[in-house]
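Asker: Quick one: the structure is below, and I'll ask about it shortly.
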């Protein structure tokens with residue numbers, strides 16, 4: 001009788017093991033094995049981190065093994081089980097890998113294809129085609145679009161994290177990390193002790209300093225020492241947490257009536273304002289987006305305000321970006337003066353603080369929330385709905401949307417919801433943050449997610465003109481590394497442009513993003529992909545946005561290029577991953593060498609600090 005050896009690996013997460021009944025069926029091209037009970041309760045199989053093997057005898061040759069069916073049945077109480085993978089050794093000595101990497105909950109069955117990635121047009125057997133179709137039909141019932149607020153990108157149809165499909169919820173370790181990191185932040189910032197400061201006016205600058213007195217590292221201490229100085233204020237526009245607002249100014253806008261006479265004291269080269277503009281030495285940060293946004297009024301005892309400032313910046317002879325004029329509103333007039341570095345020290349400092357406050361609101365709500373978290377969730381939902389686990393693009397993208405839907409659901413539950421943290425500690429709380437997203441969506445384009453294009457569109461692409469724009473330099477290096485990796489993977493599975501056009505699943509994925517996920521701005525996102533080059537760019541955008549771009553405006557903990565779950569089994573893809581890691585390592589070395597001896601090193605886009613996905 002033919003004998004098959006089945007090896008089953010259980011995850012190492014907390015509570016990954018199970019005491020439930022586990023059944024397995026092998027589905028071959030010629031026949032199926034009988035439903036086999038692998039584990040009885042209390043037999044100590046399928047424990048956390050375990051790898052268990054079983055022999056299955058069959059009455060006849062099953063042919064080529066196409067599917068493995070796993071069933072979990074309740075023993076006493078439902079006991080979730082995380083299956084990493086299953087390996088089948090055939091009677092002929094061949095080993096077939098079946099990646100799983102998912103939770104089995106309740107009385108659930110999972111049907112697995114072997115680990116070789118395939119495009120839909122390359123599946124030939126009826127069994128394979130039917131499995132592919134049924135998987136997507138089930139996913140589309142599970143992963144449903146829902147509008148959280150009008151004018152927002154669509155999100156997952158779940159009111160709470162507990163309502164999400166188990167396989168995209170935080171696992172136990174991530175959940176504990178979330179709690180511990182939050183507790184550590186509370187401890188470090190003395191938030192409990194100083195929470196009242198966020199809800200009332202501060203008395204003096206020492207209040208600000210006391211908030212951060214427990215953060216002790218070289219960079220934070222340097223920033224605390226120099227935060228009032230103009231060079232530090234300007235540096236933040238290039239390499240701070242929101243380095244995407246500043247742009248080259250080629251013409252002074254009418255709404256900001258600065259003149260040669262007003263700015264004369266700040267222009268160092270002896271050139272006129274017009275000449276400085278032509279030389280490319282003038283830059284601008286315009287927070288028009290905040291104009292008309294409703295300030296937080298959730299606490300009737302605290303009046304809060306928002307500004308929509310315009311800040312003019314100047315590249316001086318030392319190539320430092322310095323602020324030279326600030327107007328706190330969008331409409332010029334006697335009640336909206338232009339502040340200058342030559343003004344009273346505290347007037348000028350207060351004007352800069354208002355700009356930094358506005359930058360914070362745009363950063364948190366637009367740069368961070370909308371343009372990394374929410375857009376990555378759209379890509380993730382569309383991926384689950386339109387790409388089966390056997391599709392190479394599903395395998396490629398899955399690590400980069402890990403926990404993204406979960407963290408966003410938590411945010412809607414606790415942070416940006418009514419009476420959430422935004423309402424308690426943010427000037428745009430109480431609805432202003434919603435207005436900001438809605439206004440930003442009107443100008444949100446697919447092209448703006450293409451990193452090199454976004455840099456060029458702001459006139460910030462010249463390294464010669466701006467030698468210290470490290471966000472640009474490091475971001476372009478990482479973008480090129482990701483593009484190279486994606487190109488290698490795409491070339492393995494797509495022979496030519498026609499292969500892309502005939503891939504009905506990738507076309508459905510792109511259309512789902514455009515027509516449903518980003519329906520508010522759908523015309524600005526592609527509905528189809530016609531060439532391999534377009535596919536490479538699209539996938540690069542998804543990966544870069546979820547990893548590097550998020551790291552550049554936040555911080556990381558699960559690093560780019562690390563793929564602990566082996567969804568790909570083919571050697572060419574594994575070789576591409578090794579090459580990708582090597583390229584990222586080279587970028588890390590360049591950045592490390594560049595940072596040597598700097599009082600303000602920039603490492604947010606160093607690959608060894610970039611998370612794989614938006615997960616925090």
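Every residue gets a Cβ built from N, Cα and C, even glycine.
As listed in TrEMBL for this protein:
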- 2-118: domain 'PLAT' (DOMAIN)
- 17, 79, 80: Ca(2+) 1 binding site (BINDING)
- 39: Ca(2+) 2 binding site (BINDING)
- 103: site 'Essential for stabilizing binding to COTL1' (SITE)
- 117-563: domain 'Lipoxygenase' (DOMAIN)
- 368, 373, 550: Fe cation binding site (BINDING)
- 564-616: domain 'Lipoxygenase' (DOMAIN)
Asker: Run through the Cβ atoms and count how many others sit within 10 Å of the one on residue 368 (Fe cation binding site).
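Answerer: Result for residue 368 (Fe cation binding site): 19 other Cβ atoms within 10 Å.
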Asker: Whole-number Å only: compute the distance from the Cα of residue 373 (Fe cation binding site) to the Cα of residue 80 (Ca(2+) 1 binding site).
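Answerer: So the alpha carbons of residue 373 (Fe cation binding site) and residue 80 (Ca(2+) 1 binding site) sit roughly 28 Å from each other.
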Asker: In whole Å, note down how far the CA of residue 550 (Fe cation binding site) lies from the CA of residue 79 (Ca(2+) 1 binding site).
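Answerer: Pair distance, Cα basis, whole Å: 35 Å.
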Asker: For the domain 'PLAT' (2-118), DSSP counts of helix, strand and coil?
Answerer: 0 helix, 61 strand, 56 coil
Asker: Can you figure out which of 103, 368, 550 (the recorded positions) comes closest in space to residue 80 (Ca(2+) 1 binding site), comparing Cα atoms?
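Answerer: Nearest listed residue in space: 103.
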Asker: Between residue 103 (site 'Essential for stabilizing binding to COTL1') and residue 368 (Fe cation binding site), find the distance joining the two CA atoms and give it rounded to the nearest Å.
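Answerer: Cα-Cα, rounded: 30 Å.
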Asker: Counting only residues 6+ apart in the same chain, whose Cβ is under 8 Å from the Cβ of residue 17 (Ca(2+) 1 binding site)?
Answerer: 10, 46, 47, 48, 49, 50, 81
Asker: Including all protein chains shown, what's the count of other C-beta atoms within 10 A of the C-beta of residue 550 (Fe cation binding site)?
Answerer: 27
